[in-house]
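Participant: This is the structure, below, for whatever I ask next.
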Amino acid sequence: MIILAALLAYILGSVPFGYLTSKYLWGVDITKKGSGNIGATNVYRNLGPYPGAITAIGDVGKGMLAVYIGSLLAGERGALVASFFVVIGHAYSIFLKFHGGKIVATTFGVLIMTSIKVTVVVFFIWLTVMLISRYVSLGSIVCGLSIPLIMLLFGLDLSYIYLGIFLAVMIFYRHRDNIKRLRSGTENKIGTRKNG
């Protein structure tokens, strides 16, 4: 059942809500707009708040659902395995030739099902950094790197600390282009509509 939990989580994570929302509700191929990313930030910057919100809700929701299904299939171990694979699916979607999003929204879905306390603190870090710097990407990177530390602070089991480290590394890696733009001073701030 662990293998089934992993497989279902990967498939669910692969569902590209940003692409589907943009393509079939707004008639736009989001992979050809802005940064080409399927995440909520790029959708918002190119199509507006409603498509962005739908994308974010879908990406958070699939993270939550994958963990829930994993727990039904194989208890806590199933939930933990699903947490890894739903994020991998979102980053490397089988439906988009193994391209995907930057995993932040799906990570929040996983965190909601793991620990509300951790979720609230990580979200506060993301929001604070984003509002102060006006860079969504910087907020995402900093909150991602904080995940294992916040999990450790709240005394989560070692297996979840490993999950937190994995999420931190993945978020950092998926934002490598943003990091280059931040360093060069070309990253878009809140209110601009080019890179996502």
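Using the three backbone atoms N, Cα and C, a Cβ is placed for every residue, glycine included.
Got these off Swiss-Prot a minute ago, pasting:
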- 1-21: transmembrane segment (TRANSMEM)
- 53-73: transmembrane segment (TRANSMEM)
- 78-98: transmembrane segment (TRANSMEM)
- 112-132: transmembrane segment (TRANSMEM)
- 152-172: transmembrane segment (TRANSMEM)
Participant: Near the transmembrane segment (112-132), which residues from the same chain, at least 6 beyond its ends, have a CB less than 8 A from one of its CBs?
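Facilitator: Apart from its flanks, the transmembrane segment (112-132) reaches 60, 63-64, 67-68, 71, 79, 83, 104, 138-140, 142-143, 146-147, 150-151, 154, 156, 160, 163, 190.
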Participant: Given a Cβ distance threshold of under 8 angstroms, which distant residues of the chain, six or more beyond its ends, lie next to the transmembrane segment (1-21)?
Facilitator: 29-31, 37-40, 42-43, 51, 54-55, 58-59, 62-63, 65-67, 69-70, 73-74, 77-79, 81-96, 100-101, 106
